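Student: Here's the feature list from Swiss-Prot:
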{"type": "BINDING", "residues": "Cys35, Cys40, Cys43, Cys72", "note": "[2Fe-2S] cluster binding site"}
{"type": "DOMAIN", "residues": "1-82", "note": "domain '2Fe-2S ferredoxin-type'"}
Amino acid sequence: MKIHLIRHNTTLEFNNETSLLDHLEKNNIHHEYQCRSGYCGSCRVKIKKGKVSYKEMPLAFIQPDEILLCCCHVESDIEIDL
């Protein structure tokens, strides 16, 4: 799958083997985080295209157009405001 980062103007390949947050860090793209488990909401970003899911609904409050990088499961190519 492909992850397009709008503000970085770059696209990364992604295979769900790690969290999206970990994958971004491995590619030297850093974003704020704290808990890494869906509790705090620090890693939320806007999703513009595509679909994600969660194994368990995160406790952090998110809007329908937001995802948590630390715990989302990418279901398709996505475009995020990052």
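Each residue, glycine too, has its Cβ placed from N, Cα and C.
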Student: Per DSSP, what is the residue tally for the domain '2Fe-2S ferredoxin-type' (1-82) in helix, strand and coil?
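Tutor: Computed counts for the domain '2Fe-2S ferredoxin-type' (1-82) are 7 helix, 24 strand, 51 coil.
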Student: Radius 10 Å, atoms counted are CB only; among the binding-site residues Cys35, Cys40, Cys43, Cys72, which position scores highest?
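Tutor: Result for the most crowded candidate: Cys72.
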Student: When you average the Cβ positions of Cys35, Cys40, Cys43, Cys72 for the [2Fe-2S] cluster site, which other residues in that chain have a Cβ within 8 Å of that mean position?
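Tutor: Surrounding the site, in chain order, are Leu21, Tyr33, Gln34, Arg36, Ser37, Gly38, Tyr39, Gly41, Ser42, Arg44, Pro58, Ala60, Leu68, Leu69, Cys70, Cys71.
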